[in-house]
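Peer 1: As annotated in Swiss-Prot:
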ACT_SITE  E114  active site
BINDING   D10, D113  Mg(2+) binding site
DOMAIN    6-196  domain 'UmuC'
SITE      F15  site 'Substrate discrimination'
Amino acid sequence: MMQRVVLHIDMDYFFAAIEERENPELREKAVVVCMLSGRSELSGSVSTCNYVAREFGIRSGMPCSRAKKLNPEAVFLPVRKDFYTSVSDRIMEILRSYADPGNGDSFEQISVDEAFLESSERTGGDFRLAFEVGMQIKKEIKEKENLTCSIGIGPNKLISKMASSAKKPDGITVVSPQDLEAFLWPLNVSKLWGIGSVTAGKLQEMGIVTVKDLAERDVIELISIFGKSRGTWLKQAASGIDDSPLKERDGSEQIGRIATLPEDSLDKKLISSLIERLAGDVIEKLDSRELSFRIVTVTVINSNFRMYTKSRTLSHPVSSKEVLLQVSGEILDEFLSENRTEFRRVGVRVGGLQKKKGQKSLFDY
């Protein structure tokens, strides 16, 4: 059986890098790309920033006003989503050309700036050839888009994803099956892809600090604490085992809008009005592409910049604004009953997309 080879490509500080490319004078400056709310000049949160900005402690997700305090001389720019997406589309086409041909999915875009691709057939399972493929990818992206990326190469998605972070920016890291333990086991367990802060905290309470500690624990003990599925996964992941396939499905795409309220509020009428506007924009986008949806997600960000998300899956695909508003309203009611901190931003997103096949009645949902 041929050795599996998976590459994970992660564009380096993508939005900020594009801005540097468009304006080379920014390269030596701290560049901060912000999702601005429109309330005031720097009301919003940091989408991404370059490495110069990170040296000042600026990070994605923090309020732009705080970033300004950390570095008053930084250059703050608004997100240009459509422009970034057009660049992303061209890069993804480059990456697709390096994925294995033949049957099955061999390419998986997981965000605007990162993707997996399978290169088992192209390389014959040889990780030395995979390194050459990775270098070719980096060279082509640099020549055509004047941008850099970091690449991880491993025997599965888990390892390649973690490897791409090892030498950022503009690095390439190969982890062959023989190198798994040397690469994985010294890492803090919180660095294992798929482990969040809650799980990491529980593991550390059990005395599990490194990935090696986790790999050496009895799977029965892990299952007794985390459940069969999660406990088994933890044991396998710590050993570098991951047989998950690459998947590129029509339904994996999502369309959404998010905006800032005129003022922090828990007023249902005010929030519902914004949701109606966002839903209208989403439906307009769906209609232009003749798509229906099956998953509705509402996101709220409160005045403390904590984000909460709830989703509903419908029995079958729809394309009705009326349905979107009804389901979004039900989710909003749940948020309002659970939260006492005022909302700052609200978002509406749909997933499970597919081409329209007709529309049933609202009462079917």
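The chain as shown is numbered from 1 upward.
Just so it is clear, glycine is given a Cβ too, placed from its N, Cα and C backbone atoms.
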Peer 1: Tell me, by DSSP, whether D113 (Mg(2+) binding site) is helix, strand or coil?
Peer 2: coil
Peer 1: Return the residue, from the listed recorded positions D10, F15, D113, E114, with the maximum count of other C-beta atoms within 10 angstroms of its C-beta.
Peer 2: F15
Peer 1: State the Cα to Cα distance, in Å, between D113 (Mg(2+) binding site) and F15 (site 'Substrate discrimination'), rounded to an integer.
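Peer 2: Cα of D113 (Mg(2+) binding site) to Cα of F15 (site 'Substrate discrimination') measures 9 Å after rounding.
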Peer 1: Cα distance, the residue listed as 'active site' to D10 (Mg(2+) binding site), nearest Å?
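Peer 2: Cα-Cα, rounded: 4 Å.
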Peer 1: Report, in whole Å, the straight Cα-to-Cα distance of F15 (site 'Substrate discrimination') from E114 (active site).
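Peer 2: E114 (active site) to F15 (site 'Substrate discrimination'), Cα-Cα distance: 12 Å.
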Peer 1: For the domain 'UmuC' (6-196), report the average pLDDT of the model, please.
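Peer 2: Mean model confidence (pLDDT) across the domain 'UmuC' (6-196) is 93.
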